[in-house]
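Enquirer: Per TrEMBL, domain 'Electron transfer flavoprotein alpha/beta-subunit N-terminal' is recorded for B:3-182. Annotation comment: TrEMBL describes B:R202, B:227-228, B:241-245, B:258-265, B:N279 as FAD binding site.
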Amino acid sequence: MKVLVPIKRVIDYNVKVRVKADNSGVDLANVKMAMNPFCEIAVEEAVRLKEKGVVSEIVAVTIGPKAAQEQLRTAMALGADRSILVETDEEVQPLGISKALKAIVDEEKPDLVILGKQAIDGDNNQTGQMLAALTGMPQGTFASEVDVADGKVKVTREIDGGLQTVELTLPAVVTTDLRLNEPRYASLPNIMKAKKKPLDTKTPADLGVDLTPRVTTEKVEAPAERQAGIIVGSVDELVEKLKNEAKVI
Amino acid sequence: MSVLVYAEHDNAALNKVTLSVVAAAKAIGGDITVLVAGKGCGAVAEEAAKVDGVSKVLCADNDAYEHQLAENIGDLVAEVAGDYSHILAAATTTGKNFAPRVAALLDVAQISEISDVVDADTFKRPIYAGNAIATVKSSDAKKVITVRGTSFDAVAAEGGSASVENIDVAKDAGISSFVGEELAKSDRPELTSAEIVISGGRGMGNGENFEILYKLADKLGAGVGASRAAVDAGFVPNDMQVGQTGKIVAPNLYVAVGISGAIQHLAGMKDSKVIVAINKDEEAPIFQVADYGLVADLFEAVPELDSKL
């Protein structure tokens, strides 16, 4: 069984985001970039399925700039067998990404596509669902448990009220939530080995897809700053303030 | 312009978040139609018909829609979408699940989790865990949008008198099925609509210690949430998580107990009207957003607070 794991290069989780002075976007110059945390969970889940003998091949894919090769190498160091970069320096949005991924799915014919539920830059939470719709696959989004057996996958999903379990026919799309697993760290020998694993580069034109954004960003602003309030000296003072000043209790 | 609002419900009652989505639809302008899809959801459709500002309710009552499976709902909404310029759903796990499928089927972009309507094509939405607010404009003829409920004041649940039309569109993709669900049972108000929310963090130490928060919450009629750290540590279930990857809340009063205040947590609660932080570490970043900070041992301060209210 083959698994496709689409990943994304994003600003590192720990970097404090700053809006550019001209409000054109977020300042990404000289900031540390990394694999999106939800994508790490997706890679880890694929690797665990391979370790269990359910999966025989893991292909990582990303759509982005040449530098995104770093994240593909990371995915291969974590256990992906090979990877594909669809190289573009243009801005890509979920619909375009999904179309490129559909073209890859048509070529690779994976049984399962595992990807992060959202990227921590755009916070869109769309790509997996869009890919599923475009390929006619069922989807198990926000997964906290994935169980593949008998040509089906059972996915336990984190929903607002608790947990929901659905059963999907294969091929299927699964998007990862935080509690699905705890990703491993790549070992040095595996990082070295990953350098020799195959990494194909394609262009959107090779795939015959149009990545033109449909949404333009007019401006990006810093959110309204919340003013720090006061430190109260005692519980009594807190109760008094909440009752008489804030009037919320 | 005409707006289709997808109703969030449990087949028995309309979820209040739908009232906020209708508010966003009003801000866009045009006729508002609410689509209720489910099984045995007639009462929900009647309830939706009374919502202020709604001109029509479409009710798709079919076995295939009982559990809101994204494959079936996506196909249904994409078919119904033909008559509308905007398709709106709540940015809940239901809306987030099916709406991108609708957008892809219609070959349009989705605009996720809008927090403001600038005009019919232009919207504001938080990005980077709320550390930046983007104003985005869609060039698509149809807009598929999910709405952050806490950013829009709910319209009145009563006052409208829309007609209800049953639509007989059965979409069963046959590729997914519902197996079961475990829903948290709680008499406390639901987090995203509670007037008061009390959340515990890693400082709670373990799950049993959340008892003191439940006790306080019951006195105040509050919902109880948690930081990701508390969820990851296994103290409480994930459906209590407040933050970038959990629920977004904006109550009148948010009490953060033993929460340091990572940016991912702040993303989920910083629009609260009044924020109280109780933490023994005076350097904790939570104090930078709190209206009232109390530097104290939570195991003394919370019971004392409870006894004085």
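Backbone N, Cα and C define each Cβ position, glycine as well.
Not measured: the values here are computed from a predicted model.
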Enquirer: Which of the listed binding-site residues (B:Q241, B:Q244) has the least company, meaning the fewest other Cβ atoms within 10 Å of its Cβ?
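Expert: The binding-site residues B:Q241, B:Q244 were compared, and B:Q244 has the fewest Cβ atoms within 10 Å.
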Enquirer: For B:Q241 (FAD binding site), name the DSSP secondary structure in the helix/strand/coil scheme.
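Expert: It is in a strand.
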Enquirer: Find, for the listed binding-site residues B:R202, B:H265, the residue with the lowest Cβ contact count at a 10 Å cut-off, counting only other Cβ atoms.
Expert: B:R202
Enquirer: Out of B:I259, B:A262, which has the highest number of nearby Cβ atoms, where nearby means within 10 Å of its Cβ, if these are the binding-site residues?
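Expert: Within the set of binding-site residues, the most crowded position is B:I259.
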Enquirer: By the DSSP assignment reduced to helix, strand and coil, which category contains B:A262 (FAD binding site)?
Expert: coil
